[in-house]
Amino acid sequence: MAPSVTIDNISDFSPITTTTKTTSFNLRTLLLAPPSIASHEEKLRNVLATHDRSVTDLQMLDRLSAGLVTLPESTYDLVLILTDADGTRAESTELLTRDVFGKITQALKTGAKLQAQDGTFGQEIDGAEYREAILAGLVTEGGVMLKPDHSASVAVPLRLRRKDNSKTTAVSNAGPPVSTVEVPVSGKRKSVDMTEDVPEKDVPKNDVPKGVGFIDFSDDFDAEDDDDELIDEDTLLTEEDMKKPLAIPPECAPRAGKRRRACKDCTCGLAEKLAKEDAEKRATADSQLQALKLDADDLAEVDFTVKGKVGSCGNCSLGDAFRCDGCPYIGMPAFKPGEEVRLLNNDVQL
C-alpha cells in the first residue's frame, strides 16, 4: 500500500500584518527653556514627559538670544515658553527681546500659537511682552497669541455713487466713470466693471476736484489787527520778583578749587557773575599798566660823559647779568662808559 502524502499550500514566509494608527497630521512643538532650568534635570524631564519627543524640539533661550541657534522657518505649530526653575518667568521675560520675537515669528506656521507654560503670556496689554509680540507680527485671538494668515486676500467693493448732472463730477482722462471696483487686500485689482458708458459731453467739467480745498495763510480769520494787545516782556516781572534771590542749582554753586564754567544757556546768574568778575580783573590790570606808561614829558636823559662817574656797583654798563637788584638801568642793553643814553617812550636809544 502506497503511503499517503499531504501537500501544505500555506506559505511559511507570509508576513504578519499589523495595523498601525496614523494621524492626519502631527503638531510640531518647540520648547524654549530658560538657562536656570538646565540645572534642574527633574523638572526638565517632567516637562518632556508630557510631549511627544518625535515632534518636539527643545532650545535654550539664552543661546537663541545670543544668535548661537537658528530656527527653521514656518516649522512649528506651537512654541511653548517654559517657566524658570523657581516657577516664575522673570529670566525668560528678560531674554525675550525684539530680535528673539522676530526669530520665533519666522519659525511659526500660519495660525501657529505662542504660549507660556504658566498661561500668562500676552495677558497684560500694557506690558512690554505683549507690545513686542504685536510688533513682531503676532495677533491676539481668544486670549492666545498666534501668527495670522497674510496670504488670504479679501475683495473690498468700492461703490462710486453717481450724481445728477447739476452737480459737479470729477472725470478721469482714462475713460468714463467707473461704477464698481473690487480691490483685494493684497493690493492687486481683481475686477473692474466698466459696462456703463456715459458721454463726456453730458458731464460738466470741473477744474477743482471734489474734496480738495485751498488754504489762504494770509487769512487772519476776521481777527482784529491790534498790535497794542501784545504783551510787553518787560512787565512780566515786577519789582518784588527782581528782589528775590536767584535759586542757584547745587551743581552751579561755587566750590573750592577750579572755577566752574557757566552753562551755555545759563539762567541762574552764574554767567553774569563770572563776566562781572572778569571785567573787574581786566579793569584793575589796565589801571596798573596805565601807571607804568611814560608820556612824551616823561623823557629822561642820562649823561655818562663825565669821566670817573660810576654806579654803586660799578657794573651798570656791563648789562643785566652784572647789575645789582637796585640798578636803575635794569632792562637796558650794555653800553660803553661815557656813552649818552636816552629813554624815549620806554625805548632805549644809544
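Backbone N, Cα and C define each Cβ position, glycine as well.
These features come from Swiss-Prot:
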BINDING   CYS252, CYS263, CYS266, CYS268  [2Fe-2S] cluster binding site
BINDING   CYS313, CYS316, CYS324, CYS327  [4Fe-4S] cluster binding site
COMPBIAS  190-208  compositional bias 'Basic and acidic residues'
REGION    23-156  region 'N-terminal SAM-like domain'
REGION    157-242  region 'Linker'
REGION    165-209  region 'Disordered'
REGION    252-268  region 'Fe-S binding site A'
REGION    313-327  region 'Fe-S binding site B'
MOTIF     313-316  motif 'Cx2C motif 1'
MOTIF     324-327  motif 'Cx2C motif 2'
For CYS316 ([4Fe-4S] cluster binding site): DSSP state (helix, strand, coil): coil
Residue pair CYS268 ([2Fe-2S] cluster binding site), CYS324 ([4Fe-4S] cluster binding site) - Cα distance, angstrom, rounded: 54
Cα separation, CYS316 ([4Fe-4S] cluster binding site) to CYS263 ([2Fe-2S] cluster binding site) (Å, whole number): 55
Most Cβ neighbours inside 10 Å, all chains, among the binding-site residues CYS268, CYS316, CYS324: CYS316
Integer mean pLDDT for the region 'Fe-S binding site B' (313-327): 77
Separation of alpha carbons, CYS266 ([2Fe-2S] cluster binding site) and CYS327 ([4Fe-4S] cluster binding site) (Å): 52
DSSP residue counts for the region 'N-terminal SAM-like domain' (23-156), split into helix, strand and coil: 46 helix, 33 strand, 55 coil
Local Cβ density at CYS263 ([2Fe-2S] cluster binding site) - other Cβ atoms counted within 10 Å: 13
Rounded to the nearest Å - Cα separation of CYS316 ([4Fe-4S] cluster binding site) and CYS266 ([2Fe-2S] cluster binding site): 57
